[in-house]
Every structure is written in C-alpha cells, then in structure tokens.
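Here is the structure we will look at, set down as structure tokens.
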Amino acid sequence: MSVVVPECCDDLKRERGRCLFNKEELTNILDGGPKLTEKRRRIEKMLINTPELFDDVSPDYLSHEDRYSNELRKATQLMTTLEKNGFTYNDAVTTGTGLWLLMDGNPLSLHISMFLDTIKGQSNPQQLQEWLPLAEKFKIIGTYAQTELGHGTFVRGLETTATYDSTTKEFVLHSPTITATKWWPGALGKTSNHAVVMAQLYLGGKCYGPHIFMVQLRDLETHRTLPGIVVGEIGPRLGMNSNDNGFLQFNHHRIPLTNMFMKHSQVTEDGKYVKPLHSKLSYGTMVQTRVGIVYHASRELSRALIIAIRYSAVRHQSEMVPGDPEPQILDYQTQQYKLLPHLASFFALRFSARALLEVFIGTSAGLGSGKMNMLPELHALSSGLKAVATNDAVKGTDICRLACGGHGYLSSSNLPRIYTAIAAGITYEGENTVLFLQVARYLIKSFRASSQGQTLPFSVSYLRVQPPSSHAPLMSDRGLVDALGAGVRWMVGEAERRLQQLVDSGHSPHAAWNACSVHLVQCADAHTRYYICEQFVDAVSKLGETVSSGVHEVLRQLCRLYILHRVIQTAGILLRCGAVDGKALTSIEEEECHLLATLRIQAVSIVDAIDIKDVFLKSTLGAWDGNVYQRIYEEAQKSPLNKSDVTQGYYQYLRPLMKANL
Ligand SMILES: CC/C=C\C/C=C\C/C=C\C/C=C\C/C=C\C/C=C/C(=O)SCCNC(=O)CCNC(=O)[C@H](O)C(C)(C)COP(=O)(O)OP(=O)(O)OC[C@H]1O[C@@H](n2cnc3c(N)ncnc32)[C@H](O)[C@@H]1OP(=O)(O)O
Ligand SMILES: Cc1cc2nc3c(=O)[nH]c(=O)nc-3n(C[C@H](O)[C@H](O)[C@H](O)COP(=O)(O)OP(=O)(O)OC[C@H]3O[C@@H](n4cnc5c(N)ncnc54)[C@H](O)[C@@H]3O)c2cc1C
C-alpha cells in the first residue's frame, strides 16, 4: 500500500498557511531527535508497505472469535515484518506505530512487554540464557499472570501458592480457592503457552511472600493445556476485545526448582531461602511497565488531539455574529478551552516521560551495582506519572470526543476505540488511586525526614521546611511553578498535621491514614503535576538554546498554557496558602484566554507536527485532507446492514408486528 498525500481541503490549507514555525524541527523534538524521526519513518514506511497489517473489515463487524483471530494474524505479521527488516519489537512499541496498528488489544503485547521484561529483569544468568532466546524468537509465548479474581491491588494478598518439595526439587503450584484464580492477564486465555506467575512462596511450611515463577501452560506442539492447569478467556470487556484476557487455575501443578526467577532471591536445593537486597525487586516489571505507560498515554492522547483539532478546523457550525458565515468551531473560545490545554498536556507528558525514563535508566544501573537507595524515588515518580498520564489521557480523549459532537461518537472517528483502550490504563498496572497513595506515603515520609533535617532526594527537595527564597517574579513561568510548589508543600504539611492530630487523639496510624486519604491522594496528584511543570519548564528552557525561534515560541506558549491552567485548577489551595492572591488569579485567567486565541492560530500545524499518518490515526474525522463528510459517508456504506435494502429482521419481527392486531 503506498500512501499518496492528498490535497487538503481549503480550511486546512488556510490553517497550514498560517504556520510560523518549522514543523520538522518540532517533530524531531517530539521524537527525541532527527535520527529517531528518521527511524520511525522507516518503520512506518515498512509497515505501510505490508498490506496484511491493515484491516479489510472493521473489528466492529466481526464475531468475538474472528476479531481475536484477525488481530492475532496482524500481530504475528507485525512481528515477522519487523524481524525480517532488522527492527526489534521494541522499535514498534517505542515509536507507537506497531501499537496503533494493533490497539484493539494486540494478543502479543504482553509477550513483547511484560513477559520479555520479566525474563530480562528477574532471571539469573542460566535462566536468561535458557529463556531469552526462546522468547525472543517466539518459540515460547507468554504473559504476566499476577492478578487474581480476589486480589489485584494487594499483591501480598495473592492466594496462589508455590510450595517447595525438596524430595523432588519441584514447586507445587496450586489455586486453593475460586478467588485464587488468575484473572485478567492479557493473552492468557488462548494465545500464551507460558506465563510468568506471581505466587506465594512456601518453604518448610513458612510463607515468604510473592515470588515469580516461569510456568508452561500448554504443549508446545499441540497447544493443548497441560494436566493440572485450567485456562480460558474471560469474555467481553469495555474495550480491547481482540485480546484474549484470561483466567488460570492450578491443581497441584509441579514445576522444577529452576523455574523460580532467581536473580534477586533464591531457593537452594535443600529448601533454604536467600533474600533479595530489597524486598520489592520482584516488582521491577511493574515499575518498568509504568514508565512505558506514561509514553503510551501521551501517544494515545496525541492521536485524539490530532483528530479533534483537525476536525474543529473543518467543521463549521452556527453563527458567531448574526448573518455572518458559519465559523470553524475551533474559533469558539469554549472549543479552544476544551482542546488546547490538553494539547499542552500532551507536550508536558512527553517531556516528563523522557525525564522519567532517565531516572529509570539511572536507577536500573545503580541496582546493577547493588545501590538500592534510588528505588523508592523511582517507585514514587513512576507511580505518580503513570496515574496522572493515564487520568489525563482518558479525560483528554473523552473531551476530544465530545468536542467532535455527534460524529465523535462514531466508531469510524476512532475516538471510542482510543478512549476504551486508554481507559484501561487507569486500572491496569496499579489502579491510579492506589498508586497515588504510594506517592503520598513517600511524600509524608520525606516531609517528616526533612523536618528532622535530613537531605531529600531531588524530586521532593522542594518540600524542605525552609525553602530557598525564590527570586523569580510571581508571574514568570518559574515564579508560578514555585507558587505551585508552595501549594504542594502546604498541602503535604496540612496532611501531616491532620495525620498527627488524629494519632494524638487516639487513632491508630492506619486509621488516621485512611481518614486523611482523600487529601493524601490530592497531595500526590499535586506533587506529580508540580514535577511535570518543572520538567516542562526545564525542557523548554534547555531547548531554547538550540532550536529556532518559531519552534521555541510555540513550545513556550504551550508550556505557559499548561502552567496557567494548572494554577487556575489549584486556585483554592494557592489562595489558602497565600502563594497567589485574587488579583494575580484574575490576570492569570485573562492571560489564559488570550493564550488560547494565540495558540489557536497554529493549532493545526502543531498537531501536524506530531506527525501521525492517516493509516495510524484510522479516523474519518482526523485525516490529513480534512475530507470528513465523504469519509464518514463511505464508512457508513460498509455496514453489513447496508448489504441489502430490506433486512431479515424486517420479515422476522417488524412485518409481523405491523400485521398484528394490537
Ligand atoms: C504492547 C505493549 C508494549 C509495551 C509496554 C509498554 C507500554 C505499555 C503500553 C501499552 C500497554 C498495552 C497493553 C498492556 C495492557 C495491560 C498490561 C497490564 C498488566 C497488569 O496490570 S500486571 C498487574 C499489575 N498489578 C499491579 O500493579 C498491582 C498494584 N499493587 C502494587 O504494586 C503493590 O502491592 C502496592 C499496592 C504498590 C504496595 O502494596 P502495599 O502497600 O501492601 O505495600 P507493600 O507491603 O507491598 O510495600 C511496602 C513498601 O514497599 C514499597 N513499594 C511497593 N511497591 C514498590 C515498588 N514497586 N518499588 C519500590 N518500593 C515499592 C511501598 O511503597 C512500601 O514502602 P514504605 O514502607 O512506605 O517505605
Ligand atoms: C484491560 C486490563 C488488562 C489487564 N492485564 C493484566 C495482566 O496482563 N496481568 C495481570 O496480572 N493483571 C492484569 N490486569 C489486572 C490489573 O492489574 C488489576 O485490575 C489492577 O491492578 C487493579 O486491581 P483490582 O482489579 O483488584 O482492583 P481493586 O484493587 O479491587 O480496586 C477496586 C477499588 O478499590 C480501591 N482500592 C483498592 N485497594 C485500595 C487501597 N489500599 N486504598 C484505597 N483504595 C483501594 C481502588 O482504588 C478501586 O477504586 C488487567 C486489567 C485490565 C482492566
């Protein structure tokens, strides 16, 4: 399939004619450099030239089984195409391209992410040597099986047991109750023949907590389920229904001793336990996936924004001035207010995802040499950013849908599918409220440590009781970010005060924690957003030295909008702690409205620079040419109900009803 870039409609031509910055330069920044843009485009070209990767029929018109088979067909084709052309699966993931072709629930996504990552991150050298080549070449296909019917969040509460039998040097895996059934893992139902399984380790009658085991589930020749294992698919879900999320039960199923992942903790042949350097090292795959999800959420949000902003430039509705031609809906301030702060969020998340990845890489390198001290900070940052990124992507995507009016509700807009896919991100890989509470624990601990004079890690250093006096004027970017920091400091101080007050009045620390948890979640959210603001300001100011003035100006405006919007959202707190006053807020609100109008002028060009091709957007509303109505009409013709003028349903139900004597 070759892509011919069509002439765009007059509205979009006019929009693009107003561009005052170098789009390619902005694209390079978003990709992480010109080389990465070039690589992404090579991958895209290769994928676009593989017609088997594209749907002939929308998954909406397929049966549950055909939908799965079709996605599996494309997923396997994607993997072989990448392999043959010298790319890795990771390339397709990190560029987003592979995901966009398969984001109806790719049945190989868990294999190429959490299964492979667990093998890489949790194996000892022998295990790595044995399993990695098999997994990389798809000789074994796996998933990450942790969540159970009874417990997802509370990993320590999992019920699946792995009991060591030193006489045979085996673990016996067992699901003692219905609630111990593994439930949810992607690709577990029908695709995977292996799984990495989280189970409670029992040695000599003593429980050592959750540990990870490599378990074969199906015969490698016949694909039949092995004895002692019950496995199946869990049925339809809100979205991503082309995946085979599954269930799994063990009935005293035996696996060799060597199938416990032994990089961090070990069990000896005679059943002795060797503990890890840090008790949460076995949660490493979850942390790594959370880092990936921040990127993933920003990419999905960007797809929705491209669709909604292009559509808003093409769609004309009502009269702004009586008797005048109908304006583009993007000219309405309320439409700008719906979309442009989310456009700013996309950029903020992209820069923060990059900063988080650096922390992840630094911490992982430290772990390699036995340094565990950065782990709590990585856990807090990855938890907070995963939660904010998915919350904002879900909210932003739905706003994009709403901003497209009725047509946003059409499947062919692709907004419903983007929404339902990213909506799962709020829940999977750590439910967001739960992750925020982890961040809050870290904040309270840090606040208390700081009160005792201890030095704080970089991401929380602003919580110091005596902050360095800020010299930045309040209305500058730095000044406003400092004000936001003062707000978080006040919130955390307030949370700590309330916790202490409850404990002093006789509550247990745990009861006090629960009684303050709404406020604690707000602290965690505010802290993470403060971190995001800092990363955005830093990134834009660093780029200022290297990019052209047009691009720098656009980035500066987006960053400013993000900060102003955040200040307005936090107004109540900032007023209470005295970081801003009413007069400042009024001028911030006015400036935001002014900025919306400024950014509106180049909004289409900004989303063009995100550079996602039509074949990956898959939207009747968001295509490059803006030929919206023709595309919507043509998609409707593909409905199976339009194959005949009169449907079977007419003869079966409608006609008898019309003929009945009611
Ligand atoms: C195609 C895909 C390719 C690539 C992937 C890349 C991007 C993703 C892109 C797309 C995704 C698309 C498809 C994938 C779809 C779905 C995949 C989904 C998979 C899953 O959902 S897997 C299951 C995930 N489950 C969870 O996340 C469970 C959440 N629960 C927990 O993590 C923990 O139990 C909890 C709640 C954090 C902690 O529980 P608890 O409070 O009971 O504490 P503990 O006693 O356990 O902890 C005490 C102590 O330890 C600290 N701590 C906890 N966790 C960590 C950690 N990970 N690291 C460091 N420290 C940790 C905790 O804070 C306490 O510290 P303190 O005592 O306060 O000092
Ligand atoms: C599409 C999808 C794909 C998934 N893929 C996988 C996979 O591949 N592998 C896998 O193992 N799992 C997978 N999961 C499972 C997922 O990780 C869990 O659903 C998730 O961790 C949440 O756990 P839960 O469902 O038990 O929710 P619960 O923990 O029961 O949450 C329900 C409610 O209780 C609240 N709550 C729970 N604990 C607390 C607390 N301590 N404090 C305050 N509030 C609390 C939550 O905030 C939430 O509002 C997937 C889930 C989905 C939806």
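Using N, Cα and C of the backbone, Cβ positions are placed for all residues, glycine too.
Listed in TrEMBL:
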- 22-141: domain 'Acyl-coenzyme A oxidase N-terminal' (DOMAIN)
- T147, G186: FAD binding site (BINDING)
- 283-444: domain 'Acyl-CoA oxidase C-alpha1' (DOMAIN)
- E429: active site, proton acceptor (ACT_SITE)
- 480-659: domain 'Acyl-CoA oxidase C-terminal' (DOMAIN)
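Shown here: features listed in TrEMBL, placed on the structure.
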residue : record                       : DSSP class
T147    : FAD binding site             : coil
G186    : FAD binding site             : coil
E429    : active site, proton acceptor : coil
Intrachain C-beta neighbours of T147 (FAD binding site), sequence separation six or more, cut-off 8 angstroms: K182, W183, W184, P185
Cβ neighbours of E429 (active site, proton acceptor) where a neighbour is any other Cβ within 10 Å: 24
Whole-number Å value for how far G186 (FAD binding site) lies from E429 (active site, proton acceptor) (Cα to Cα): 12
Whole-number mean of pLDDT values that fall within the domain 'Acyl-CoA oxidase C-alpha1' (283-444): 97
G186 (FAD binding site): tally of other CB atoms within 10 A of its CB: 27
DSSP residue counts for the domain 'Acyl-coenzyme A oxidase N-terminal' (22-141), split into helix, strand and coil: 90 helix, 0 strand, 30 coil
